[in-house]
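Annotated disulfide bond per TrEMBL: C2-C7, C264-C267, in sequence order. TrEMBL lists R90, T92, W103, S131, H134, R164 with the feature FAD binding site. Under the heading active site, nucleophile, TrEMBL lists C264. Summarising the annotation, TrEMBL assigns active site to C267.
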Amino acid sequence: MCRLRDCSVCECPEGEFPENFKGIISPSGGRLSSYDPVCQEGKPQALVDRTLDPKAFRGWAANRDNPWTHDDEREEGDVTYVNLLLNPERFTGYAGPSAARIWAAIYRDNVLAPHDKLAPPESRVLYKLISGLHSSISVHIAAESLLDESANKWGPNVTLLHERVLEYEDRVSNLYFTFLFVLRAVTKAADYLIEAEYNTGNPSDDEQTAVLVQHLVRNEQLQAACPKPFDEAKLWQGKDGAQLLLQLQKQFRNISAIMDCVGCEKCRLWGKLQILGLGTALEILFSEDSPNPPVLQRNEVIALVNLLNRLSESLIYLYDLAPLVEEPSTFRFGSLFRQ
């Protein structure tokens, strides 16, 4: 439940979003919600900036459910648009018992412990993905922390980086694993991503987007370095493979639903975005139509590419900031960075 009045967030004014956004939010034709400001648990830096570029995406018509994610937006119809560039993933002040309960619910109820020797490899993959995402979020919080609130001074908090990530070798390894997993999904969906319609109403931006997507998925240097970052064909091969797939889908849907319980709005924004990206990667790699990737929704493509960006930037932050940490244990990761 919300507690602080200064964390309330107002919806966009009626004239602030493009006309073509209206009436296409859900298959039933629901429009942007106009409910009163909602109080959010957290601090002022947790607020979401809802300013929109007037030249924004047109909706991609796709009435399709991702079996890995909880599609609450289409069910509720209460949708709003945000500019991610105005809402960077960083420190928000969201911590303590409330935040701890979110991660506890994810790990305790939906992810098998990594030391469970009876757990199938597929379950260990889910744990490593969630752990890697958790590490990435922690890295971004540490990389851009509020060092002095009175002076509004931001910068890297290397102590926090060590305490949350670098002190645990498995968290660093899982971050790499999650990055490679998502990279494999992006490269596997290369043909679809190249042909997808990136139409924002701004021709120069649209052309640049198409060029950047082409450069990402057809990068010869990247293909040479990581010809197949993750081999999904090795999973789901046992007699219980199909049943286990359904079980893990249910667990991941629970995790995506838990994101709605995050009390800090910016944390919820980035949590839901990245969980959707991870769910999209899972669908691409483990869909029934494999090896052909499924037809994706606009938000799934946005989430997938942004997740890959978050993970890759986390690795850059680790490489740049780890030498600044004074604790000797940090430097045992040097060989891992070089690999």
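One-based numbering along the chain as shown.
The backbone N, Cα and C atoms fix where each Cβ goes, glycine too.
Any TrEMBL annotation is an automated prediction that lacks curation.
Separating the Cα atoms of S131 (FAD binding site) and C267 (disulfide bond) is a whole-number distance of 17 Å. Between the CA atoms of C264 (active site, nucleophile) and H134 (FAD binding site) there is a gap of 16 Å. W103 (FAD binding site) sits 13 Å from C267 (disulfide bond), counting Cα to Cα. Over all protein chains present, the Cβ of T92 (FAD binding site) has 20 other Cβ atoms lying within 10 Å.
Residue environment of H134 (FAD binding site) contains 19 other Cβ atoms, counted within 10 Å of its Cβ in all protein chains. Checking each of the binding-site residues (R90, T92, H134) against C267 (disulfide bond), the C-alpha distance stays within 10 Å for R90, T92.
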